[in-house]
Every structure is written in structure tokens, then in C-alpha cells.
Amino acid sequence: MSQQTEPDDDAALDGDEPGAYGKDERLRSREVTEGPERAPHRAMFRAMGYDDEDLSSPLIGVPNPAADITPCNVHLDDVAESALEGIDEAGGMPIEFGTITISDAISMGTEGMKASLISREVIADSVELVSFGERMDALVTVAGCDKNLPGMMMAAIRTDLPSVFLYGGSIMPGQHEGRDVTIVQVFEGVGAYAQGEMSGDELDDLERNACPGAGSCGGMFTANTMASLSEALGLAPLGSASPPAENHERYAVARRAGELAVEVVEEDRHPSDILTRTSFENAIALQTAMGGSTNAVLHLLALAAEAGIDLDIEDFDAISRRTPKIADLQPGGDRVMNDLHEIGGVPVVIRRLMEADLFDGSQLTVTGRTIEEELAHLESEHGLPTDDEIDADFLYPVDDPKEAEGAIKILTGNLAPDGAVLKVTGDDEFYHEGPARVFENEEDAMKYVQEGHIESGDVIVIRNEGPEGGPGMREMLGVTAAVVGAGHEDDVALLTDGRFSGGTRGPMIGHIAPEAFVGGPIGALEDGDHITVDIPDRTIEVDLSDSELERRLDERDDPEPAYTNGVVAKYGSLFGSAANGAVTNPGLHNDQH
């Protein structure tokens, strides 16, 4: 807010009536700041230190999910403060308000993980409610942990207020036995310890050193994926995703976001002016070229639905087939977001794709410049290194990529008529046949793995974990990491109607739709059924006839909801299919299953 000043007794007399500050007619905050009938409203603002100058300025909300529950968000008060200062200095009226967060890592492997995807919806709903109720003119949406990012972007799109997306930045890598590590190595260490491949002392050292400070998980996991895609979509300035959480550049990015929020109000630029079908295709191309999280499939579908843009799960596969994987970060590789930042950040990847005609640089961004213009601006004004100046063993030329196709694969077949999602972190030609080992929940599967029962060739099936059936579509990094830690990264497949963490690696296939709860074929599987996973052909099949699948489904008892009251029950009853983004906004419910 502006510097506190002594009240000017003549201020109201300068206009025709109290509260006549000559505000912009376009600003809906006029409804609460202007006119004699709004004197009580202004009195409330004055109680918080706002002055006449503030009340004549655009009211810019800064939703902030700061919390001590996760290192992803523990520093966000400082990030938000820099944004507030930027708004104030640029002539806006900054108003910070809170919203929730869930720590995916801390809730992982517990019943509490069912809250994770629900939190995406609660964040979007809460930001919409506050900005609607308080008649805000614009937003700077601050985000840290995984579901913060799509939740904030959904709110910006749904309200269509001039908005700037602001990521809190990622954590630096930890050090263990002379190598960089992240939280994912700790999860995998649990599996290695259970199999006797890691000592208790080694696991303890890994636990104590993997996470050295504030910031979101460091690899190309869900938070860093969605932050990168915010640049591709145009909702955040180019170069804003990669500065680490505890780096001074992160706070410069935050201050600039605040200044930019005032600009987008003045220039009347809205998310609907920025987002197009092509901007979503750009985001998918970047996701698959960087080996981004499978969660981004779910979130991009939800964002497109909010924007009223036709996007289908098969679009991800079509774009992945034509887009090579050129960045090799964790979990597929060894490097983290900070390594990418040191060579120029997300813009250097976008530039390579754009120069190969795999990314459309003509799309508008929040700055008012196109992607192509933004790249030129970064090169000329901010020292973005040229391609010739980049020497990095984890960033590949488009004509000599890490993999000829992108990392995201959409599989279909009689087990997943509406699709399933896989991120390839290893063999692009993976083909697997084996017997089903069927579990009705994640906990039973985890126990099976930790007790050493899995064998080479197995296909672990975890069902009743979908958006409605879970409810909440839990991530399963615990069990997938345990499989990898037990030495079965390449010879055991895992299928589920739930989700995976962005840190998952190996042949783990999620988002199977329809889910078991609504009668999907995964609900018909029995132990020993022969399953084939064929990545080159993009198929996932069980060796059963359609009539046998139908018979089994007809004979099964209709499932009962896992929860009948409370927030989990409420959102569980609202979720749509994973194949359409698992949205809960009733205006977007066209198919539901």
C-alpha cells in the first residue's frame, strides 16, 4: 500500500462528493471505493492503512498459499511481499489474502493424499470467491507446491481478471555421497532399504541431506513442469520459472510480477486475450520435450476447459509423436531445475523448439509481446545465451535428441477405452507382458512390494483410486519408488486409475479411464489375468474377450462411496473423468465419465 500519510480534509471536497477520486471506469473496484454510499467500505480500508492514493488505484489481489506445512511454500510470504512492493511502486493497491496448500510429499502414501487434487479445486474456488466478493481488478497468483500452480491458473482463467502468474521457485539439490539428490531419491531409498540394498545409516543420511532449504521439489516434477508451462501458455513472463526459491533473482521476478500486474490492468489484457488452442499446443510440446510430469496432462485439460478451449487427451499423444525429447532432467535424468536455470532457463528450450517449427512463437504473452518477441527481448536486454553459447550435457539439439519422440504417451485399449497416461523415463520401445497382481488400494500394493513378493514380469494393478472412487485420485510415488528401489524399474509394470508424482519413473501407467468406480474395465481384472503393455503401439490390453469383461462387470457389486460427508465426499461427488481433467466446475461438466 502507499506510504501512510496524514488525512487530507479537503480530499473529498476536490470532487463533487465523498469518494470522487477520478477512477478508471473499467475498474470494478469502483463498486467498493467510490461514491458517498461507499464511505463505510473506505473506512474499512483506511483501518488497514490504505489512503486516498490507494483508493484511486487498481485493486490488485495477491492470493498467497504460504504455510509451514511444506518447504515448497515456507518462503512464500517473502515472495508475495516482493510482489506487493512491485504493485505499490507501480501505482496499484495491493491486497494480500490467503488460501490453502497441501504438501504432496508429506501426504504421500497416506489417506491424506486424497486431499491433494481436491486442493487444486479449493484453491481455484477460494481465489475466485475472494476476488469476486471483494471486487478486485487484477491478480498476482502466487504458487509453491504442486496443486497450487494449476489451482491459481484455473482461478485466473475462470475470473478472466488481468493476471500474472508467480511461481515461488524450486529447492536446490541436496548432496548424498557426492551426488545431487532430491526427495525422489529418498522415496526410492525406502524401497532399497526394504530389500536390503541400503543400510539404515545410508537412508538416514539421505533423509537428512536431500532437502536443504525452501522451494518446490527440484526435478522436472509437477511444480516445475507447471511453472515451465505457465511460460509456454503466456500466463507468466519468459524466464520466470527457473530462478531458485532462495536466489535473489526469485525476488526480482516477484517484484516485476507486481509491476506487470498494474500494466496488464492499464492495458486491459486478460487471460482470454492470451490463451488459444495454439498456446495449449505449445505447452504440450514443451511438456513432452522436457519430460514433464503426467499430472500436467490432467491440469492442462482442466485449464483448457476453464478457458473454453477444445483440448483432448489424444492431442497429447499426437504432439508427443512429433516432438522429440530434448531436455533430460530428473526423474529420467540426473539434473534439476537449477541446472536448467544456469544455462538460461525454460526460454532456451522453447527457442530450440520454435526454431524447429515445433512451437508457435506468434502467441501472445502476459507482457503484451509474443513469445518470439519475448525471446528477442531476453537476448538483447537480459543476456539470454545464444544456442552456440550453451554447453550442457542434458539439453540436446532437436535434430539429435535424447529421444526421437516426446516423453508423454497416451495408451488406449480394452483396459483403458478413454485413455491412460505414461511418461517414458527409460526405454521408448518398452513392451511388457505379464500376470496381473490386483490390489483394491495403494496400501495393500505397498505392503506387497515391501514384503518382497513382486517378481520380474508382474503387472501391479491398483484400482479404486480414481477421481470419484478414491476419491481424489491419489499420487503413488511411495509404491512406484518402492518398485524402482527394489530393482524392478524395467521388468515390472504398474497400472492404476489413480495418479503418479512427477518424480515417478519406470513403466507406470496412470489415469486409466473410465475408472473402476464408474464401471471401467480395470474393475473387472482378477489376479493372473494376462496383460500386455505396448508403448510403440500405444496399447494396454488384457487377454479377455469383451463379453467376459462385460460379464465380470455385471456381476460385481456396485461400489459404495468411500466417504459420505465432509470435503472429500463433496468434491468426490463432483469430479469428472481423468480423461477430461477431473474438473469439478459444474459449468464444465459435459461428459463426466
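All positions are counted from 1 along the displayed chain.
Heads up, the Cβ atoms here are built off N, Cα and C, so glycines get one too.
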Among Asp104, Asp180, Asp444, Asp497 - the residue Swiss-Prot places in the same Mg(2+) site as Asp146, Lys147, Glu475:
Asp104
Rounded to an integer, what is the Cα-Cα distance in Å between Asp146 (Mg(2+) binding site) and Cys72 ([2Fe-2S] cluster binding site)?
9
Roughly how many Å separate the Cα of Cys72 ([2Fe-2S] cluster binding site) from that of Asp104 (Mg(2+) binding site), to the nearest whole number?
10
In sequence order, the binding-site residues (Cys145, Lys147, Cys217) whose C-alpha falls within 10 A of Ser501 (active site, proton acceptor):
none
With an 8 Å cut-off on Cβ distance to the Asp104, Asp146, Lys147, Glu475 Cβ center, who else from the chain surrounds the Mg(2+) site?
Ile102, Ser116, Leu117, Ser119, Cys145, Thr222, Asn295, Ser501
Quick one: give me the count of other CB atoms within 10 A of the CB of Asp146 (Mg(2+) binding site).
33
Pairwise CA distance, Glu475 (Mg(2+) binding site) versus Cys145 ([2Fe-2S] cluster binding site), rounded so that it is a whole Å:
14
